[in-house]
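**Student:** Got a structure for you, written out below as structure tokens; questions coming shortly.
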Amino acid sequence: MLRKKTRKAPGFRGVSFWSAQRPGAFGLLRSRKRRWWWRLGVLSLTLMPMGGALYGWIKLRQSPYVAFEAAREALAQARAAQAERYAASLWEQAQRSWKQALMQWQEANQRWWAWQQYAQAQAVARQAEQQAWAAARRAEQVRDSLYHQSHQMLRQLAPLLDSLAQWLETLPYRSAWSQQFQEAQTHYHTAHKALESGDLWVASEQAAAAQHRLQVLEEQLRDYVSHYLAQLPTWRQWVEEARQEARRRGSLLLVVDKMARRCYVYRGTQHLATFTVELGPNWMGPKLYAGDRATPEGKYRVIRKLGPGETRYYRALLLDYPNEVDRARFIRARREGRLPPNAQIGGLIEIHGEGGRGVDWTEGCVALRNEEMRQLFELVPVGTPVVIVGALESWPILRLMRNPTANYGR
């Protein structure tokens, strides 16, 4: 029996419908999975940089880095302005705030990032910045003020130093005065060096110390000289009486002005000559006893002329010191206990030569240059009156010491 041939559908060739459809379904599923993985990968590659950028933006927004850099710069400027010296209080506040900000930043960094909080650290860092800038500005102001104050003070003290130096050379030596002046000079020069090196606190302190010592010394000298010049009316009266006597007699008169270091020669009403003189180192005040190296004050007369070979000092005019007034003064001083034990009144006060040394060096005599002493020796006879006074005019020291200090604060 013959079988009927079955016609095969094209493309199937003996494969059933289900066997033909199943492989195509699995392939489609696999293809779709591959496409989703590919899309997910592309999406991940796209989102990861964006996420990183977003995270960085958030971190940058939260991080106090900018605030800390600003504070660090402000602190550097304050340090350059030496705020630790010239604005110490503000500088300490800025330093405390800076340390507190660093501590808070460190604590925030130790937390998980999502909970990190930098707001407080930023606020304290900004506070440190503001305080540092305030310290820098204050330091600059203080430095400018100290510089101008010290410079002005030193400029005003310079003429006072020169004036006092001149008059200390003129006045009788006193160790206390000399020590005060040397201390003032030391402070003055130290202030100058500190000002040049920029150490303005030291410059200000040393200038103030120099000013104080010079003021004290000036007051002492003024009081000393003022007390001495209280006798000015008496001295003028002595000279006026002696000049009237010389006018009546038409005779010579010698007037020695100790403060001016001058010897004036008169004949009657005529002024004949003026000579520069040198005295004993303790010239300021009357002579009290032998060896005090003071030049006497009073009315005297020439009692002897000593030529070459009769004196060590070229030529000399011997005066009648001590007179009655000198003896009375000596007795009073001894009674009051103002003389050393065994003190004697002394004598041999002369106007003599060998002067011109530029200092007061005699034992109490009045010294002239040899050429001027020769002229005076030839001119003056024995018996010529000699008046020795402390001063005839209000001494310039009071004006010279007053003017340089008129402009600085007392």
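Including glycine, each Cβ sits where the backbone N, Cα and C put it.
These numbers come from a predicted model, not from an experiment.
When I checked TrEMBL for this same protein, it listed these features:
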type	residues	note
ACT_SITE	H352	active site, proton donor/acceptor
ACT_SITE	C365	active site, nucleophile
COILED	200-227	coiled coil
DOMAIN	252-389	domain 'L,D-TPase catalytic'
TRANSMEM	36-58	transmembrane segment
**Student:** If you count other C-beta atoms within 10 angstroms, which of the active-site residues H352, C365 is the most crowded?
**Tutor:** C365
**Student:** Compute the C-alpha separation of H352 (active site, proton donor/acceptor) from C365 (active site, nucleophile), stating it in Å without decimals.
**Tutor:** 7
**Student:** For H352 (active site, proton donor/acceptor), which of the three DSSP-derived states applies: helix, strand, or coil?
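**Tutor:** The three-state answer is strand.
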**Student:** According to DSSP, folded down to helix, strand and coil, what is C365 (active site, nucleophile)?
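**Tutor:** The three-state answer is coil.
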